[in-house]
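Engineer: Reproduced below are the annotations present in TrEMBL:
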type: BINDING; residues: 31, 65, 66, 67, 89, 90, 91, 122; note: 5-amino-6-(D-ribitylamino)uracil binding site
type: BINDING; residues: 94, 95, 136; note: (2S)-2-hydroxy-3-oxobutyl phosphate binding site
type: ACT_SITE; residues: 97; note: active site, proton donor
Ligand code: RBF
């Protein structure tokens, strides 16, 4: 399994930039809220742990993961925000809704990052069932919120 081979929750914290003056925009989907709250806490705590100031972390919610793209765009267009982190959980059901949502979010977030020339981090957990989601929200596969925050910090090496 890919995440067993490369779990960014145990990322290398060498050579991370000084983020004490950087501003972070978190957009968090409320669908599967208990799990997305856990991802968000992981991201938030990781940013603080690496020197971000609480007043520089903006947290916004959207109803579901499909809305992450627009939420990310509102954040990314602000000169106040250096990097956007999008967090959501899409769990497979009986129909193919998960495919449509996940593809839309992946493409949408990519476009927002390119449009605003700003890192937009893909923190969408896409699983077959709820247990797999919890496994990735503080469980045996780490916390993808922590990984999203670590990725955001690493990408700030690219931002002036
Ligand atoms: N949003 C999620 O964040 N995770 C889901 O697992 C999820 N499942 C959905 C299943 C169906 C059948 C539908 C219609 C929506 C689902 N959504 C889910 C909500 C979606 O991201 C969005 O908020 C709504 O479709 C409104 O645009």
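Heads up, the Cβ atoms here are built off N, Cα and C, so glycines get one too.
Any TrEMBL annotation is an automated prediction that lacks curation.
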Engineer: Roughly how many angstrom lie between the C-alpha atoms of residue 94 ((2S)-2-hydroxy-3-oxobutyl phosphate binding site) and residue 31 (5-amino-6-(D-ribitylamino)uracil binding site)?
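Structural biologist: For residue 94 ((2S)-2-hydroxy-3-oxobutyl phosphate binding site) versus residue 31 (5-amino-6-(D-ribitylamino)uracil binding site), the Cα atoms are 17 Å apart.
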Engineer: Starting from the Cβ of residue 90 (5-amino-6-(D-ribitylamino)uracil binding site), draw a 10 Å sphere and report how many other Cβ atoms land inside it.
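Structural biologist: Other Cβ atoms found within 10 Å: 23.
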Engineer: What recorded positions in 94, 97, 122, 136 place CB under 6 Å from ligand 1?
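Structural biologist: Near ligand 1, sequence order: 97.
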Engineer: Taking the Cβ of residue 31 (5-amino-6-(D-ribitylamino)uracil binding site) as the centre, how many other Cβ atoms fall within a 10 Å radius?
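Structural biologist: The answer is 17.
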Engineer: Could you tell me the C-alpha distance between residue 97 (active site, proton donor) and residue 90 (5-amino-6-(D-ribitylamino)uracil binding site) in angstrom, no decimals?
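Structural biologist: A Cα-Cα distance of 9 Å.
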Engineer: Using DSSP reduced to three states, classify residue 91 (5-amino-6-(D-ribitylamino)uracil binding site) as helix, strand or coil.
Structural biologist: strand
Engineer: Pick the one among the recorded positions 97, 136 whose Cβ has the fewest other Cβ atoms within 10 Å in this structure.
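Structural biologist: Fewest other Cβ atoms within 10 Å, among the recorded positions 97, 136, is found for 97.
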Engineer: Determine the Cβ neighbour count for residue 66 (5-amino-6-(D-ribitylamino)uracil binding site): the number of other Cβ atoms within 10 Å of its Cβ.
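Structural biologist: I count 19 other Cβ atoms within 10 Å of it.
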Engineer: Among the binding-site residues listed here, 65, 95, which has the most company in the form of other Cβ atoms within 10 Å of its Cβ?
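Structural biologist: Top count of Cβ atoms within 10 Å goes to 65.
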Engineer: DSSP on residue 122 (5-amino-6-(D-ribitylamino)uracil binding site), three-state: which is it?
Structural biologist: strand
Engineer: Count the Cβ atoms, other than its own, that fall within 10 Å of the Cβ of residue 94 ((2S)-2-hydroxy-3-oxobutyl phosphate binding site), considering every protein chain shown.
Structural biologist: 5
Engineer: Which whole-number value in Å describes the distance between the Cα atoms of residue 66 (5-amino-6-(D-ribitylamino)uracil binding site) and residue 95 ((2S)-2-hydroxy-3-oxobutyl phosphate binding site)?
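Structural biologist: Residue 66 (5-amino-6-(D-ribitylamino)uracil binding site) and residue 95 ((2S)-2-hydroxy-3-oxobutyl phosphate binding site) have their Cα atoms 16 Å apart.
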Engineer: Would you mind listing, in sequence order, the residues at least six apart from residue 89 (5-amino-6-(D-ribitylamino)uracil binding site) in the same chain with a Cβ closer than 8 Å to its Cβ?
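Structural biologist: Sequence-distant Cβ neighbours: 29, 31, 32, 35, 36, 39, 65, 124, 125, 126, 127, 133, 137.
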Engineer: Pairwise over 31, 65, 66, 67, 89, 90, 91, 122, annotated as binding 5-amino-6-(D-ribitylamino)uracil, what's the top Cα to Cα distance to the nearest Å?
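Structural biologist: So the binding residues stretch over 16 Å, Cα to Cα.
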